[in-house]
Structures are given as C-alpha cells and as structure tokens.
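Positions annotated as L-isoleucyl-5'-AMP binding site by Swiss-Prot: Glu563. Residues or ranges marked as ATP binding site in Swiss-Prot: Lys608. Marked as Zn(2+) binding site by Swiss-Prot on the basis of sequence analysis: Cys892, Cys895, Cys912, Cys915. Taken from Swiss-Prot, the feature motif ''HIGH' region' covers 58-68. The motif ''KMSKS' region' annotation in Swiss-Prot covers 605-609.
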Amino acid sequence: MTDYSKTVNLLESPFPMRGNLAKREPAWLKSWYEQKRYQKLREIAKGRPKFILHDGPPYANGDIHIGHAVNKILKDIIIRSKTQAGFDAPYVPGWDCHGLPIEVMVEKLHGKDMPKARFRELCREYAAEQVACQKKDFIRLGVLGDWDKPYLTMDFKTEADTVRMLGEIYKSGYLYRGAKPVQFCLDCGSSLAEAEVEYKDKVSPAIDVGYPFKDTAALAAAFGLAGIEGKAFAVIWTTTPWTLPASQAVSAGADVVYQLIDTPKGKLVLAKDLAEDALKRYGFSDGIAILAETTGDKLENLHMNHPFLERDIPMLNGDHVTTDAGTGLVHTAPAHGLEDYAVCNKYGIELYNPVNAEGKYISETPRVAGMSVWEANPVILQWLEETGNLLASSKIEHSYAHCWRHKTPLIYRATGQWFVGMDKAGADGKTLRDKAIKAVDDTEFFPSWGRARLEAMIEGRPDWVVSRQRYWGTPMTFFVHKETGELHPNSAELLEKVAQRIEEKGIEAWFSLDKGELLSAEDCEHYDKLSDTMDVWFDSGSTHYSVVKQREELDWPADLYLEGSDQHRGWFQSSMLTGCASSMGRAPYKQLLTHGFVVDQNGRKMSKSIGNVVAPQEVYNEFGADILRLWAASTDYSGELAISKEILKRVTESYRRIRNTLSFLFANLSDFNPIEDAVQQADMVEIDRYAVVLARQLQERLAGDYYPRYTFHFAVKDIVSFCSEDLGAFYLDILKDRLYTTKADSRARRSAQTALYHITRSLVLLIAPILCFTGEEAWDIIGGGEEDSVLFHTWHEFPTINEKAEAELVKKWTAIREAREAVTAAIEPLRADKTVGSSLQAEAEITAPEEMAGYLNALGEELRFALLVSKAEVKVGSELAVAAKASDGEKCERCWHYTRDVGAVAGYETVCKRCAENVGREGETRHYA
C-alpha cells in the first residue's frame with residue numbers, strides 16, 4: 001500500500017508557535033543595540049518629512065510603574081508607525097531631574113548637615129542613578145530611542161537654556177514680583193504650582209461667626225429702616241478658623257438679597273436663600289422675625305468689629321460671593337485666599353499676613369503666637385465663645401488641597417514670589433491668558449474633549465508662581481535691588497552671561513558666583529543675587545526650547561505631546577505658557593494626546609495596601625514585553641486602562657492567534673522565492689486575488705486611519721479579526737487543500753504562495769509598531785535577514801488592480817462567503833449527531849437568489865473547494881437555503897475528499913482522480929479556488 005503522506009506539501013515553519021518572549025526578548029535587544037539599529041534608522045530616514053514626538057520627562061525617582069509603561073509604549077507605537085509611514089521620526093527620551101523629592105531622598109540618605117554645594121552634587125548623583133535604573137526598564141519594553149543621548153533637565157546645556165527661557169519671558173514683560181497668596185506646603189517650606197496640588201477629603205471645623213456692626217443706624221438705613229435696637233451682626237461661615245486672625249473685611253454679593261432677622265442672639269444679617277438653614281444651625285426656631293430685606297450693594301462700606309481682635313472690618317462687594325452654602329457673607333483674609341486678595345486689592349486694603357513660612361503665627365498675634373495654624377483652630381473657637389461671637393460649630397468632610405508629595409493639607413499664604421502674569425499685558429500688548437486660549441484653538445486634541453478641559457483650566461488658572469525656596473533646582477539668575485526689589489536694568493544681558501557659565505559648569509556656576517564678576521563695584525553695593533530656584537514645571541515646560549529647539553535632529557514646534565490626562569494641568573499647560581510667553585508666541589506642539597490611568601479589573605486605582613499593583617517588570621518577566629505592548633494597544637486609552645493577570649491572559653490569547661497565523665503563513669512560504677516563483681496578478685487564482693485585496697484593505701485602514709489617528713485598539717481588533725475571520729476561518733481554511741495537495745511548483749500553489757507572500761509581508765509590517773519583538777522576529781524570515789529591520793521599510797506595496805474589477809471581485813466573494821457560512825451552519829447538526837466528522841464528508845444543495853447563484857455556479861467544479869464540501873449543487877430560488885447530507889462517496893486517503901472516483905486511475909487505488917493527477921501526472925489547474 002502506497003504511503004501518500006510524502007506527496008503532500010506539509011512544510012515545517014521557521015517561525016515557532018511558541019514565542020517564549022520573556023526569555024528571548026533580552027537577547028534581541030542586545031543584538032539590536034550592538035547593530036546600532038536606532039542610528040542606522042536615522043541615516044535611512046534622513047531627508048524624509050519630520051515627525052517629532054517630544055517626550056514628557058518622567059521624574060527621576062524610583063522604579064517605573066505601569067503608568068510609565070503605558071506612556072512609553074504608546075509613544076513607541078507612534079514613533080514606529082510614523083517611521084513605517086515614511087517619516088523621519090527621531091525619539092529623544094528625557095528625565096525631569098530637579099526638585100524636592102530628590103532633595104528629600106538625599107536628606108534621608110546623607111542628612112542635612114553639609115555645604116549646599118555638596119548637597120547639590122549628591123542630588124545630581126542620585127538623579128543620575130535613578131535615570132540609569134528607569135532607562136533599563138524602558139529599553140526592556142522595546143522602546144526605540146536615542147538612549148545613549150537622552151535629555152536631562154540637569155544637563156548643563158539644558159539648565160543654561162532653561163535660564164535663557166526665563167530671560168525670554170522676562171523680555172516679553174510677563175514676569176513680576178508680588179506678595180500674593182499662593183498654595184503653600186508647610187512640609188516643603190515652599191509654594192506649589194497648580195500641577196503640584198491634589199485634592200483629597202479632609203475633616204475641618206465649620207463655624208458661623210458674628211461680626212458686630214459698629215453703626216446700627218447706618219445698618220438700618222441700608223435696610224430702609226428708621227432705626228435698630230440692640231446688637232446686630234454680619235454672620236460669616238468658614239471651614240478655616242485659623243484664618244480669622246488675618247480677617248480684614250467681610251464680602252457681600254452686590255446682587256444677593258440679604259435679610260435682617262431679629263433672633264434671640266440679636267439682629268443677624270444673612271442671605272435670604274441661606275437664612276432658613278443657618279437659623280436651624282443656630283437652634284433658633286422661636287422668637288424670629290424678618291425685619292427687612294436689601295441687596296448687597298447697599299451694605300457696601302458698612303463697618304464692623306473683628307470678632308475677637310481690635311480691628312475695623314469694612315463690608316466689601318465681591319464677585320466671588322455665592323449662595324451655594326454658608327451664610328452668603330464671606331470673611332475676607334487677603335493673605336490666605338486669591339479671591340480675598342483680589343477684592344481687597346480692588347478696595348486698596350493692604351495685605352496683613354500673621355503666618356510665617358513654618359505655618360506658625362508671628363509673635364505679634366495675640367493668644368496664638370508661635371502656634372501652628374492647625375493647633376490654633378481649637379484656641380480660636382474658644383476665643384470666639386468667650387467673646388460671644390460663635391453662633392455654631394460642627395465638623396465637615398470636604399475636598400481640600402493637599403501636597404502631591406507629602407499628602408498633607410496646604411494653606412494659602414501670602415509670600416513674596418515671582419509670578420508669570422496671566423492677565424498682565426506683555427511687551428506686545430497682549431495678555432498671556434488670551435494668547436494661551438488662542439493656542440488651544442490652534443491645537444488638535446486626542447481625544448477631542450481635551451480641548452474644553454485645557455481651555456477651562458487656562459481660563460480659570462491664577463498667575464503662575466515660578467519661584468521656589470529650594471536648593472536643587474535651576475536658579476532664577478537675577479540681580480535684585482536691595483531696597484526697591486527691582487531687577488537690574490541690564491538683566492537680559494546678565495542672564496545670558498550667567499547662562500554661558502552654567503553651560504560650562506552647571507547651576508553651581510550661579511550659586512558659587514561672586515556678583516563682582518559680573519557687576520560693577522557700585523552695582524555690587526545696591527544689588528544682591530536672587531537665591532530662589534525655579535518651579536520644576538518651568539524646567540520641564542521649557543524643554544521645547546532647551547531640547548526640541550536646540551537638538552539638530554528635532555524640529556520646533558513638536559508635532560505631538562502625549563501624556564496622562566493629569567498633564568492638562570501639568571506639562572501640557574506649563575509648556576503652552578512658556579511657548580506663548582516667549583518670543584515663539586505659540587504652543588510648542590501641534591497635537592495633544594492624553595491617556596487615562598491604569599486601574600485593576602474592578603476599576604480601582606493601583607494600591608500597595610489593596611495589593612492590586614501590577615508592576616511592568618513582573619509582566620515582561622512572566623509574559624514578555626510584547627504582551628504588555630499588546631495590552632496597552634488593545635485598550636481604549638481615552639478612558640481608564642484595566643489590567644490584571646486574567647486580562648493579560650486574554651491578551652495572550654489574541655497574541656497566540658496572531659502568532660499561529662504567522663507560523664502557518666511562514667510554513668507555507670518556506671519553499672517560495674518571490675523573485676523566481678511569484679505569479680503575476682492577472683494569472684493568480686481568483687480567491688488569491690480576493691485575499692490580497694482583503695490584506696490591502698486592512699493595511700489601508702491601519703496605515704491610513706488607525707495609526708495616524710492613534711486609535712490602536714481598533715488596529716488590534718482589526719488585525720485579530722483579519723487573522724481569525726478573513727484568514728483562519730475562511731481563506732486559509734480553503735487554501736490548505738491547494739497548498740498541500742497540488743504540485744509543489746504548480747501555478748495553483750505558486751498563486752496561493754504569491755498571495756501569502758503579500759499578506760505576510762504586509763501583516764508583519766502592520767503588527768511591528770505594536771509587537772516590536774515579534775515583528776522583528778518575523779522580519780528576519782521574510783525581510784533581508786538579521787542585519788535588516790522591519791523599521792527600515794515602509795508599508796507594503798501591493799499589486800494594483802482595476803478599481804471596477806476589484807469592486808466586482810469583492811462583491812462576488814462576499815456573496816460566496818455568505819453562502820459558505822450558510823453551508824457551514826447546515827452541516828453543523830450533522831456534525832453534532834456524528835453523521836459526519838468534517839465538512840468534507842458532506843454534500844450541499846444550495847438554493848440562492850439569482851445573482852448569488854450566478855456567482856456560485858461560475859466556480860464550476862471548484863465550488864466544492866470554496867465551500868469545503870465534497871460536492872455542491874446550486875439552484876435559483878427566492879432566498880438562501882442549504883440542504884446538507886452525508887456524502888455517499890469514498891474518502892481519498894490523500895486529500896480526504898469524499899468522491900466517486902477513488903481508485904479510478906490504475907495504480908492509484910486509494911486516491912481520487914484529482915490526486916492521481918497531482919501525484920503522477922502534470923497536476924490539476926485552478927482558476928477560482
């Protein structure tokens with residue numbers, strides 16, 4: 001008996017089904033680094049149009065977390081896809097290296113008792129160690145970039161250019177010095193920027209306090225009354241009793257309606273909309289009478305006594321007063337609130353600040369001198385009770401500003417700081433706020449809702465406090481007049497001279513500078529060096545100038561900034577403000593893309609206490625970095641990204657589908673040489689031409705839509721669907737018979753391989769931006785060998801086809817696929833009851849509408865191959881219907897079809913006539929399937 005197994009074209013795949021990624025990826029990385037892949041790519045891409053994604057610098061402190069991994073993976077997918085789209089897309093990774101967290105770590109490791117120069121030296125060393133640690137993990141994720149020459153905000157050149165950016169803003173006229181209330185962290189001992197503030201719930205005392213009116217006759221007149229007997233109070237409500245020693249006024253809303261109410265306590269002034277709730281808090285249900293009503297503008301300039309200090313308190317009108325909660329009257333302490341400051345400034349009230357930088361009251365403050373503001377709260381409540389001016393006291397849980405580093409409550413505190421003014425007219429007569437809002441309009445957002453979010457933040461943000469009272473940071477290199485506080489008239493020129501020194505020696509050049517080196521002897525008598533450093537957000541917000549504008553391979557403005565959604569109030573905003581406030585006069589980016597935060601499968605934040613933290617190091621060590629990359633790409637990053645072991649296992653299934661498809665494709669291309677064996681398109685079997693069209697359409701969707709629009713989850717879904725539906729469940733299922741049973745060098749088989757070659761080459765290029773390791777592994781086989789890279793090539797060029805012919809081809813095979821699905825469904829009951837095993841054991845009689853029947857009949861004898869049955873007949877009817885039955889033919893032991901011609905050819909007793917032709921003669925021909 002003849003063994004026909006050796007006559008079928010079953011080839012071994014050079015692409016194993018098991019990726020073994022976790023073990024193999026590090027070796028690939030080593031090889032790519034040794035081959036200088038990134039540097040070669042820069043040479044190959046030279047002269048192409050540029051695409052610049054500017055890296056938002058992560059902070060150089062601690063191991064990378066899963067959020068870092070998502071961010072870098074998304075950036076890498078974009079860089080790779082843009083490269084394959086024909087752009088020169090260099091990627092320069094960066095790190096944020098100055099600031100308090102590093103100071104804190106150095107203090108923990110080395111203590112505080114050392115010269116400041118040594119302290120800064122240790123900060124620089126610590127930051128460099130952290131950069132090296134994080135860099136290793138980013139590279140392990142497959143992120144392609146200039147890792148040998150990243151940018152660091154502590155590079156001497158970058159520090160110098162950050163100083164130059166300060167000079168730009170100074171020359172533009174937006175920089176000023178002022179004593180304003182700013183968010184102040186008592187643990188940091190410094191002011192904080194907007195982006196350094198986070199909000200958490202806090203329990204605070206909530207109190208109602210009466211301010212006794214001085215002149216009840218004037219109060220009566222304001223309410224249209226002839227007179228008032230007894231005491232009268234303006235009642236305020238506050239959750240910060242500690243600010244009362246700084247209270248300098250009470251604010252009323254000009255259009256708010258107020259009532260004068262007679263109560264057992266005396267006459268109370270309360271907002272009409274809040275009076276009922278307020279009186280309940282005071283326990284007044286009887287003996288109440290509403291005496292009169294008036295509006296807040298009539299109360300303006302009335303005077304009261306402070307509730308426990310000897311201080312005159314005027315009544316002001318403020319736009320910030322609402323009737324959402326409280327009493328409708330607001331105690332106003334300009335040292336401890338921006339709105340308070342603004343309204344007092346309007347009335348010419350000079351700011352009084354009784355709280356020092358340690359959060360303690362100065363010695364002149366009665367009863368609470370030397371106490372912290374938090375310690376003072378109960379003392380102040382006791383004081384109010386003694387004076388009889390405390391109407392109610394309770395506890396309230398509310399959202400409150402906290403330091404993002406220390407997680408401790410912040411206070412507003414007026415300090416002398418340097419600001420970038422939002423509403424100050426610059427040298428060009430325009431305000432920074434107006435420029436920034438215009439810049440938002442000129443920016444493209446992904447997702448689109450980012451526009452409204454950033455615009456609202458810019459519209460509502462205060463002036464940017466850019467000075468810090470720290471040691472490890474880029475210095476504000478100004479010379480300030482000792483008496484007037486004015487900057488030296490030659491500040492612009494002096495800044496540049498200092499920047500040149502910093503470029504050589506780093507920021508220590510400023511701290512060690514003797515002012516006599518740059519100033520005349522006379523100027524030295526009148527000017528001092530400023531000791532403040534800059535907000536770290538100014539450092540990172542200036543990198544578009546210090547990095548993008550300076551590095552030869554980059555172009556300004558950047559095409560894209562991509563960060564987490566919290567950066568609307570962080571890096572996106574600080575970069576926009578420095579861009580708009582400088583001579584560039586615009587945002588330093590054309591597009592902004594934001595991604596959500598990573599949560600667990602239940603939507604909870606990652607937390608060590610919950611035990612749901614998924615570390616990227618654990619993922620790539622267990623599953624491989626390509627699985628982490630596929631997870632990041634397959635998740636809609638516009639919302640939260642859920643991750644867990646179970647989710648990663650599901651992602652692994654998708655990866656396996658792609659990998660198994662590639663393994664099959666490579667097996668059946670292992671004896672195919674595209675130069676010698678390819679079949680011209682016009683001579684290809686029809687279904688092969690159709691499959692190539694499907695692959696080209698997939699490429700058009702990914703290369704023309706999903707990758708350019710950054711919708712990677714659609715790309716992954718489409719790739720997996722193409723592998724499982726178009727290929728696995730349809731084309732490859734049909735193709736196996738032709739690949740395995742026709743003659744190895746026949747046109748029928750070479751046509752199939754030609755289609756597979758186009759499909760495989762395109763598919764490898766399409767997956768490569770996401771599955772960078774798998775893509776390169778596959779390209780080693782189908783590309784130019786180990787020294788070649790998938791990144792050295794642009795999207796696959798498919799053979800062209802007449803548009804009309806293509807449309808007809810797709811229409812025809814779409815109908816055939818529909819018929820095949822109906823046939824498969826009709827056979828299913830026969831398989832379920834074991835009447836047949838495979839579909840080849842069945843025959844099908846198809847009734848179809850005329851057009852579909854025409855398409856099916858056009859395939860003639862080859863219809864059975866397209867439908868995966870041993871026999872198929874077609875007749876015309878009103879709708880699609882299929883009758884399936886078991887074949888009464890005999891099974892061919894070579895092709896497994898059931899036919900009535902097994903043994904019909906002498907010498908081939910166990911195989912069908914077709915197989916006899918393929919084994920011993922010229923072989924069959926195919927036209928359609």
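Just so it is clear, glycine is given a Cβ too, placed from its N, Cα and C backbone atoms.
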Cα distance (Å, whole number) from the residue listed as 'ATP binding site' to Cys912 (Zn(2+) binding site): 67
Cβ atoms near Cys892 (Zn(2+) binding site) (within 10 Å, other residues, all chains): 25
Cβ-based neighbourhood (8 Å from the centroid) of the Zn(2+) site, residues Cys892, Cys895, Cys912, Cys915 excluded: Thr741, Glu893, Arg894, Trp896, His897, Thr899, Val902, Val911, Lys913, Arg914, Ala916
Secondary structure tally of the motif ''KMSKS' region' (605-609) (DSSP, helix then strand then coil): 0 helix, 1 strand, 4 coil
For Cys892 (Zn(2+) binding site): DSSP state (helix, strand, coil): coil
Secondary structure content, the motif ''HIGH' region' (58-68) (per DSSP, counts of residues): 3 helix, 1 strand, 7 coil
Separation of alpha carbons, Cys892 (Zn(2+) binding site) and Lys608 (ATP binding site) (Å): 63
Three-state secondary structure, which DSSP defines for Cys915 (Zn(2+) binding site): helix
Rounded to the nearest Å - Cα separation of Glu563 (L-isoleucyl-5'-AMP binding site) and Cys895 (Zn(2+) binding site): 56
Cys912 (Zn(2+) binding site), number of other Cβ atoms within 10 Å: 28
Mean of the pLDDT scores, which run from 0 to 100, over the motif ''KMSKS' region' (605-609): 83
DSSP-derived structure type at Glu563 (L-isoleucyl-5'-AMP binding site), helix or strand or else coil: strand
Other CB atoms within 10 A, centred on Glu563 (L-isoleucyl-5'-AMP binding site): 20
Cβ neighbour count within 10 Å of Cys915 (Zn(2+) binding site): 27
Other CB atoms within 10 A, centred on Cys895 (Zn(2+) binding site): 22
